[in-house]
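Enquirer: Sharing a structure below in structure tokens format, with a few things to ask.
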Amino acid sequence: MTTLAIDIGGTKLAAALIDNNLRISQRRELPTPASKTPDALREALKALVEPLRAEARQVAIASTGIIQEGMLLALNPHNLGGLLHFPLVQTLETIAGLPTLAVNDAQAAAWAEYHALPDDIRDMVFITVSTGVGGGVVCDGKLLTGKGGLAGHLGHTLADPHGPVCGCGRVGCVEAIASGRGMAAAARDDLAGCDAKTLFIRAGEGHQQARHLVSQSAQVIARMIADVKAITDCQCVVIGGSVGLAEGYLEQVRAFLMQEPEPYHVALSAARYRHDAGLLGAALLAQGDTL
């Protein structure tokens, strides 16, 4: 059965047709509407899926935020703008005229990456470091979503009790420091106003402050992974996201993790499906994989 998979992120929307063998075809992308209003997102989704819907039999959505009963919610409302309580499933069912499933994008990506691992891996954690920091947890071969959809929101664990205020309302969350947005917010002087991509470029050029911001992000993520290992005793951690997959970043995270006591060490790897993980994981779930 062909699935129309959609990935809704903070900066871009992606859609593709995915068959039962996880082959991706007709992949399309559009920028996420800058206004982040319900009408703008609805029109963008319509434009994105219209050329694809005739060949699909169902829709699977991987979206930023928390999905509760088909509605879009968020720990950090700033990530959604005016889209809080957006009726995601109902909107796509109306646009596509097809049965629709929606799941958090990091949870979906975790499920895809889990399927790419050897059969003897039953416990894994996926972490995405991008505009925000998210995650997904697979325990004994089952994806944890939680009754309220909150499971895996690792970016809202504590990194620094004296750190910046996070958009979720807590002080010193991992996301507020280690995410692309957090790094950009901390940039000063000649780096003020730079986005994360620019910070990585400047770090590669040897800019001291940029190198510090990237290193600080990697250290915060490494410490979070040590916490995750203590909580889940996972067999491996897979890292994705635009920051997580940036050149040299995973190596820095690995080096910082090795500074933690040995019981907190865990195998790290880059996401195999990279930026398609959310699409593939949502399709897998829609095609019959159970949570």
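Positions of Cβ are set from backbone N, Cα and C atoms, glycine also.
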Enquirer: For the Zn(2+) site, Swiss-Prot lists Cys166, Cys168, Cys173; sort out which one of His153, His156 goes with them.
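Expert: Swiss-Prot names His156 for this Zn(2+) site.
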Enquirer: Round to the nearest Å and give the CA-to-CA distance linking Cys173 (Zn(2+) binding site) with Gly132 (ATP binding site).
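Expert: Answer for this pair: 11 Å between alpha carbons.
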Enquirer: Can you tell me how many other Cβ atoms are located within 10 Å of the Cβ belonging to Cys168 (Zn(2+) binding site)?
Expert: 18
Enquirer: Where does Gly136 (ATP binding site) sit in DSSP terms: helix, strand, or coil?
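Expert: DSSP assigns Gly136 (ATP binding site) to strand.
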Enquirer: Starting from the Zn(2+) site formed by His156, Cys166, Cys168, Cys173, give every other residue of that chain whose CB sits within 8 Å of the mean position of their CB atoms, in sequence order.
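Expert: Residues close to the Zn(2+) site, other than His156, Cys166, Cys168, Cys173: Leu75, Asn76, Gly155, Gly167, Gly169, Arg170, Val174, Glu175, Ala176.
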Enquirer: Give the distance between the Cα atoms of His156 (Zn(2+) binding site) and Thr11 (ATP binding site), rounded to the nearest whole Å.
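Expert: With distance taken Cα to Cα, Thr11 (ATP binding site) is 20 Å from His156 (Zn(2+) binding site).
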